[in-house]
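First comes the structure, then the notes that go with it.
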Amino acid sequence: MAVPFFTTTFVPSLSSKTITPITPSKSTIAFIRFLTFSTMNSSPSPSSPSIYHVPDLGANDMDRVADHTFRTYTSNNNANVAKRSGKGSAIVWFRNDLRVLDNEVLYKAWLSSETVLPVFCVDPRLFSTTYHFGFPKTGALRAQFFVECLADLRKNLTKFGLNLLIQHGKPEDILPSLAKAFKAHTVYAQKETCSEELNVERLVSKGLRQVAMPSGESSSSTNSNNFPKLQLIWGTTLYHIDDLPFDAGSLPDVYTQFRKTVEAKCSIRPCIKLPVLLGPPPLVEDWGCVPSLEKLGLSSQNVSKGMKFVGGETAALSRVYEYFWKKDLLKVYKETRNGMLGPDYSTKFSPWLAFGSLSPRLIHEEVKRYEKERIANGSTYWVLFELIWRDYFRFLSVKYGNSIFYLGGPRKVQQKWSQDKILFESWRDGRTGYPLIDANMKELSTTGFMSNRGRQIVCSFLVRDMGIDWRMGAEWFETCLLDYDPCSNYGNWTYGSGVGNDPREDRYFSIPKQAQTYDPEGEYVAYWLPRLQTIPKEKRNFPGNLYIRQIVPLKYGRLQNDGARSSNDRRNDRRWNRN
């Protein structure tokens, strides 16, 4: 997985309980064997210059996996699903929760109504520019992934008897109008934590209060007021915020303390069991079209090499199946997670987690099932360990608010940073003269993804060796990353630049040491920088005059004679934040 930097958002409380692993039926085992056989040996080798599809399943097989998972996490037995007792209509405002399974927003709307109207608002502000430096807020690759997520959500909603209304405009303009037109008593949505999203929530709530409902139309078990209300539901984290043993203001400033406390005192809630039918939807003349990139003001960008991710819940569930069950890679995750080349050194769940196409609680249940049926070891635990990191950044955004976006970070550090355009653009475009940096930046711009290891290295180089304002790097990641979410991205950049809430030390990552440890034969850099392929493997990361001139000297450039990594370097690795 990767929290953008590790690298995959967010009421009535449900009672906490431990997860009971799912025991597969004979039909489940037969299904897994069929898919394993039908897709066997389809992945290219890591050294191949071809495109790696993630997941590496055909469309028909992905649909089979998704349908099987839907059957596992839904119920035909009404005794296992709360009784639908609501009246009137409810609206589901989809945000960063583009999925059907384990979606409490959708479930609560269904319970409280007779008809559900799912809505997505294509907000033009998502496609404007970043706050400080004017980069595109959403680049073409993430936009394409988003479009695929939206199309897949509509397809999966139809399987449950619903549809998805797609409207272009600001939610605060669209939702009150829809609430009035369909006489909806409540708009249900996922709760967010950062300022831009919170501002939209306030505007939507304000707009709904201006909608006067005819007498009696708004009467329901959920709303006794004479206007529709906005019901926000927490839904993006592994641990529910209501189950934490402390409030957000008292959140520990050290991750280890947070993790140990929640693991000892909290339970992870089970996935919501949906009924197999969520309809009927209201009558709608025009459900709208999934937008094209041109409609969003962007030009299409093809992935020419590296990993090509497929957006949507169907692809997300297929990747879980592929990584856990088909390829049986979960058992070695901890040993391989620091790789950089190919699709299978890590789970690659983070893009789907960022868009909410995949529930972290579903991952948890699948890990527990894997531990019961195959093996439980440090690798199976480590996937959950990194999901807890993702939780931590989300909760930190509640505690520290906008300070995670400020130059001085949560600690209000006073430090001078450069905004040198030439230096920054050499980093952005992969022209620094350091193959390990350049290869990672080429991968980012080509695919929208970068390994956890790569993110650590390029961040350290930008802020430590170049002395560039860390926000420039954070905003460029915001543009490019498929798995961008503000909490994880800015949380990690504040940590990496030393302005986060727990900067134990100068998090410097030595390029010579990193290259020797994680790309000793230069396979990764040669893949992304083909001119290095003719150079002897041991010289690829430092090819001297055979490569472009180094734009800055390294702050700490010497590699120890024995190639050993310093204790400081090892501590950096352990404390760096992954998803």
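Glycine is treated like the rest: Cβ placed from N, Cα and C.
Annotated FAD binding site per TrEMBL: Tyr333, 346-350, 386-393, 483-485, in sequence order.
Under the heading compositional bias 'Basic and acidic residues', TrEMBL lists 567-579.
The domain 'Photolyase/cryptochrome alpha/beta' annotation in TrEMBL covers 88-221.
Residues annotated as region 'Disordered' in TrEMBL: 560-579.
Counting every protein chain shown, the number of other Cβ atoms lying within 10 Å of the Cβ of Trp417 (site 'Electron transfer via tryptophanyl radical') is 15. The annotation site 'Electron transfer via tryptophanyl radical' is assigned in TrEMBL to Trp417 (among others).
The annotation site 'Electron transfer via tryptophanyl radical' is assigned in TrEMBL to Trp470 (among others). Of all the Cβ atoms in the protein chains shown, 22 others lie within 10 Å of the Cβ of Trp470 (site 'Electron transfer via tryptophanyl radical').
Every protein chain considered, the tally of other Cβ atoms within 10 Å of the Cβ of Trp493 (site 'Electron transfer via tryptophanyl radical') stands at 28. TrEMBL lists Trp493 (among others) with the feature site 'Electron transfer via tryptophanyl radical'.
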Cα-Cα distance linking Trp417 (site 'Electron transfer via tryptophanyl radical') and Trp389 (FAD binding site), given in Å to the nearest integer: 28
Residue distribution over DSSP helix, strand and coil in the domain 'Photolyase/cryptochrome alpha/beta' (88-221): 58 helix, 27 strand, 49 coil
Cα distance (Å, whole number) from Trp470 (site 'Electron transfer via tryptophanyl radical') to Lys348 (FAD binding site): 25
Distance, Trp417 (site 'Electron transfer via tryptophanyl radical') to Tyr333 (FAD binding site) (CA atoms, angstrom): 37
Cα distance (Å, whole number) from Glu386 (FAD binding site) to Trp493 (site 'Electron transfer via tryptophanyl radical'): 17
Listed recorded positions among Glu386, Tyr392, Trp417, Tyr484 whose Cα sits within 10 Å of Trp470 (site 'Electron transfer via tryptophanyl radical'): Trp417
